[in-house]
Amino acid sequence: MGHSPPVLPLCASVSLLGGLTFGYELAVISGALLPLQLDFGLSCLEQEFLVGSLLLGALLASLVGGFLIDCYGRKQAILGSNLVLLAGSLTLGLAGSLAWLVLGRAVVGFAISLSSMACCIYVSELVGPRQRGVLVSLYEAGITVGILLSYALNYALAGTPWGWRHMFGWATAPAVLQSLSLLFLPAGTDETATHKDLIPLQGGEAPKLGPGRPRYSFLDLFRARDNMRGRTTVGLGLVLFQQLTGQPNVLCYASTIFSSVGFHGGSSAVLASVGLGAVKVAATLTAMGLVDRAGRRALLLAGCALMALSVSGIGLVSFAVPMDSGPSCLAVPNATGQTGLPGDSGLLQDSSLPPIPRTNEDQREPILSTAKKTKPHPRSGDPSAPPRLALSSALPGPPLPARGHALLRWTALLCLMVFVSAFSFGFGPVTWLVLSEIYPVEIRGRAFAFCNSFNWAANLFISLSFLDLIGTIGLSWTFLLYGLTAVLGLGFIYLFVPETKGQSLAEIDQQFQKRRFTLSFGHRQNSTGIPYSRIEISAAS
């Protein structure tokens, strides 16, 4: 179409490098925390505060980032976030005290949160319907690659003097490369000019921009106008079920489950990190290949169903199988949890939690017990704090034979792998893809950021409520409750989330405008021959 720069490869590099930066920054603390503890004499509380400072910065970005994205443009937001990330990385690399480390981590958290929102929106608007699913999902693949890359660099730099400074500094490399890629892509300050440049890529007609285009305020997200309330319901439902299915806490026990099947000591942590990382990469690549063929709705339904089965399986197994102890709070954290950020990776959600009160069921439920630790530690809801938990359980009646225990432990490991895979081709990439599609361009940044803030809040709520929930109903019933929540999420997706594959952003917007509230049953064809799944409950006024 006369474009000299290779637009699709550049879009792919923007998405991949953005995700790689995101994943690297999330995971790098796992290797840097132990040398930081030794160099600065950090207590458990100080370690948690350092790790949690990233969350504070990301939360701030989710609150104000949408306005920045809509006011200054997607491309400018990405470039600005990369500059902020460079400043944060420089602060971390030169830090001489805990205060500077916390400041640097908070700045980095702000940068990666803003970049994640802007990248998903920018790429979704830049490419056509046939490429949108693959290229936006590439961000999730970049996250998993970035996490694995951070593990490799952490290992290589672990024994070097001031190695943690280099660990933080290497995050600037993908950010610089992403900025260079953006220089050859259309700008976003002039909305009309930008969209005219994008028409050959979208393969459709130019949208009517200018005075005739509707203007939206933030409060319109909660009004019936153009079915904005229905769109917000879909967006919030997806991000909330993404977290309320319990994946921030289930993956805390990855290293424990690996240890229970015979991988003890350091090998347990390595396998929990690298092994699950490899599983996530494979599942994300599968999602990339299917998202524009099978569709967003199909992947969400399949992923949520498998998550419900697998987390329920872990809960049932934990009734009978005692788990081995985990690391102490001063050990290098095993980064195998989930942050709940866009493109959510599922590898960074270890929790640092205090002792859990025993249940009133005479130990009939598996419960958590804290490993030995050097200092008392207050409760923390930080989703990436260093772990120091162990699983223990006891069942009344005769113990299972050793062979039975082994079978159940391997079953728990299989369920964990299925859970990670299901999240990685379902909620992980598809949630953010759908959010980047369903809102009008004029308010897309603010709407995306609004939903993202609820994702962070739900992640924090799940982490904070975990102890009380286990103390009340026990570990096994907690996992079974997560399974029930996944079943409810399955129903929500089936009823409310339409299929958007193969449709331009303008067509998706028009479909939402025609209905105040929709339920999705089966598949049918619209007048343009593009399949989507919904039935009309009430016509728009």
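Glycine residues also receive a Cβ, built from the backbone N, Cα and C atoms like all the rest.
The D-glucose site recorded in Swiss-Prot includes Gln242, Gln243, and the single candidate from Trp432, Trp477 that the record places there is Trp432. Membrane topology taken from Swiss-Prot puts Arg231 and Asp509 on a shared side. Residue annotated by Swiss-Prot as N-linked glycosylation site (from the set Asn334, Asn526): Asn334. Using the rule of three or more Cβ pairs under 8 Å, pairs at least 6 apart in sequence, the transmembrane segment (167-187) is in contact with the transmembrane segment (78-98).
Only residues 6 or more beyond the boundaries of the transmembrane segment (477-497), in the same chain, are considered here, and those with a CB under 8 A from a CB of the stretch are 233-234, 237-238, 241, 244-246, 249-250, 296-297, 300-301, 304-305, 307-309, 311-312, 314-316, 318, 365, 434, 466, 469-470, 518-521. Once the Cα atoms of Gln242, Gln243, Trp432, the listed binders of D-glucose, are compared pairwise, the greatest separation found is 13 Å. Sorting the topological domain 'Cytoplasmic' (291-298) by DSSP state (H, G, I as helix; E, B as strand; all else coil) yields 3 helix, 0 strand, 5 coil. As a whole-number mean, the pLDDT of the topological domain 'Extracellular' (156-166) in this prediction is 85.
The stretch with the most CB contacts under 8 Å to the transmembrane segment (16-36), chosen from 78-98, 135-155, 270-290, 446-466, is 135-155.
Proximity of distant same-chain residues to the topological domain 'Cytoplasmic' (291-298), defined by a Cβ-Cβ separation under 8 Å and at least 6 residues beyond the stretch ends, is recorded for 129-134, 137, 429-430, 433-434, 493, 497-502, 520, 533.
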